[in-house]
Amino acid sequence: MSDQEAKPSTEDLGDKKEGEYIKLKVIGQDSSEIHFKVKMTTHLKKLKESYCQRQGVPMNSLRFLFEGQRIADNHTPKELGMEEEDVIEVYHEQTGGHSTV
């Protein structure tokens, strides 16, 4: 297991209150865990990009879920009500699935 920090975006740099960072666990389909320390106001796109880069896969090939809801690039931990040690689940995107009648 390793810790990696998703760097805050430039609009987040002005707000440096204590306790603004939380640790999140990202768990893949293979049960692998990667821990991230993120600011409550950072867009989760940064975490998603960092995870995909570490896994060596394109971002559009995965979907990220928190409490069963898909995470949009512009969501923040604060908007989603995330807390310390919350879990983000990662699944491979599936396309197709039409019936052949």
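A Cβ is built for glycine as well, from the same backbone N, Cα and C atoms used for every other residue.
Look at Swiss-Prot and you will find Lys7, Lys16, Lys17, Lys23, Lys37, Lys39, Lys45, Lys46 tagged as SUMO2 cross-link, backed by similarity to another entry. Here Swiss-Prot flags Lys7, Lys25 as SUMO1 cross-link. Per Swiss-Prot, domain 'Ubiquitin-like' is recorded for 20-97, and the stated evidence type is sequence analysis. Residues annotated as phosphoserine in Swiss-Prot, with similarity to another entry given as evidence: Ser2, Ser9, Ser32. Sequence annotations record features per position, and here Swiss-Prot assigns N-acetylserine to Ser2 based on similarity to another entry. The site 'Interaction with PIAS2' annotation in Swiss-Prot covers Phe36 and is backed by similarity to another entry.
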Candidates Lys37, Lys39, Lys45, Lys46: member of the recorded sites with the richest Cβ shell (10 Å): Lys39
Residue from Lys23, Lys39, Lys45, Lys46 whose C-alpha is spatially nearest that of Ser32 (phosphoserine), among the recorded sites: Lys23
Site of maximum Cβ density within 10 Å, from recorded positions Lys25, Phe36: Phe36
Assigned conformation of Ser32 (phosphoserine) - DSSP reduced to three states: coil
Residue pair Lys23 (SUMO2 cross-link), Lys39 (SUMO2 cross-link) - Cα distance, angstrom, rounded: 9
Proximal residue to Lys25 (SUMO1 cross-link) among recorded positions Phe36, Lys37, Lys39, Lys45, Lys46 (C-alpha distance): Phe36
Three-state composition of the domain 'Ubiquitin-like' (20-97), taking helix and strand from DSSP: 18 helix, 28 strand, 32 coil
